[in-house]
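Notes for the one structure printed next.
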Amino acid sequence: MTPMKRSVQTQVSEPFTESWGEESLPELPTEQSLTEYSDLKEAPSAHTLYVGHLNPQFSVPVLACLLRDTLERLEMPVAREHIEVVRRPRKAYALVQVTVRRDTLASLPWRLQTALEEHLILKELAARGKELLLSEAQGPLSHREEEEEDSGLSPGPNPGSGVPLPAWPTHTLPDRPQAWQLQSCQGRPSGVCSDSAIVHHEIVGKDQLFQGAFLGSETRNMEFKRGSGEYLSLAFKHHVRRYVCAFLNSEGGSLLVGVEDSGLVRGIRCSHRDEDRARLLVDSILQGFKPQVFPDAYTLTFVPVISTSETNVPLKVIRLTVHTPKAQSQPQLYQTDQGEVFLRRDGSIQGPLSASAIQEWCRQRWLVELGKLEERVKVLTMEKEQLQQQLQQHGPMSCTCCVL
């Protein structure tokens, strides 16, 4: 390169250098700002999670409880009112409203697989021969229904069109109004919503008890159990069979666990997981009763107990209420899933009844029904005689002319 050309190049490059020097270069974002930007970009957002291949043999409340426990083990806690379960005769699925990061949602399938391998998830939650299907719900979800149909399940309506789904809010969970959360729980059966649910640091439910309060004495329709130690895992299932069967064969009643025989409220340690297990246990036992016991025949609630002592596990009173059986056209006697029959007496349970005792019970019930029918026939007979007398009094007078 010649000296002249080199000087020209120097003269041309200097103005650029001066101009860049005069204007300050834009500052690069600092590490703190990048961190804030990434946090803002990865902020939790609301998503609708589709859960397929659920076991249709369980009822909707039990599926909701088991699914909530499963999501907790996957480090994705969800309130029960944010779980919408759709159950068909041979298929079931759920739509869950979650507020998580995108990366958490993307890692959900492999975390589910890891939990299944470590036996942290109840296998019975999935349909027989199937595995749980977790994915983000987008659009009408028709392709997921086709996957279930291809996998052997019976076809059903499209969940996006045939079932009216709730309009999930698009903003995050902390900004949701409390009225919406209460409304989503009020529209469901009473067995689904727990009295111990907490929304905005307030107990949702009209019932709460104070430790040491006096509830009264046991009656024919009220039974108290202290429930200490390993009661929930050992004795609770036997008491469910005995007392529910006895209440069904009488005028109904309530079993309260966490109350002493004297009527003082103590409460039992009952976590959300224990609550779910209790619901599953009661549901599985009552499904084996004969005649069939429908969900509207009983109510299982968990009443929070307010205590002055600080405990990590909340105290609750388990209340299993059997409603007064509807009048039947003929006497009906319930038996447990083990074929045993119990009756409620004043302050005690009679049973299991022998064959002769059951026959005597049926004979007495039929005598009562026969007496009612005889009384009804007597009333109808009297009404018939009165109507005949009225017809004779108001009837036309006939005259007969005799010619001699």
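Heads up, the Cβ atoms here are built off N, Cα and C, so glycines get one too.
In the three-state DSSP reading, Val265 (ATP binding site) counts as strand. Residues annotated as ATP binding site in Swiss-Prot, with sequence analysis given as evidence: Gly258, Val259, Glu260, Asp261, Ser262, Gly263, Leu264, Val265.
Marked as coiled coil by Swiss-Prot: 365-395.
Annotation comment: Swiss-Prot describes 7-16 as compositional bias 'Polar residues'.
The feature compositional bias 'Low complexity' is assigned by Swiss-Prot to 152-165.
What Swiss-Prot lists as region 'Disordered' is 1-31 (among others).
The feature region 'Disordered' is assigned by Swiss-Prot to 139-170 (among others).
Classification of Val259 (ATP binding site) by DSSP places it within a strand. Cβ environment of Gly258 (ATP binding site): Lys225, Arg226, Gly227, Val265, Arg266, Gly267, Ile268, Cys270, Val305, Leu315, Lys316, Val317, Ile318 lie under 8 Å away, each six or more residues apart in the same chain.
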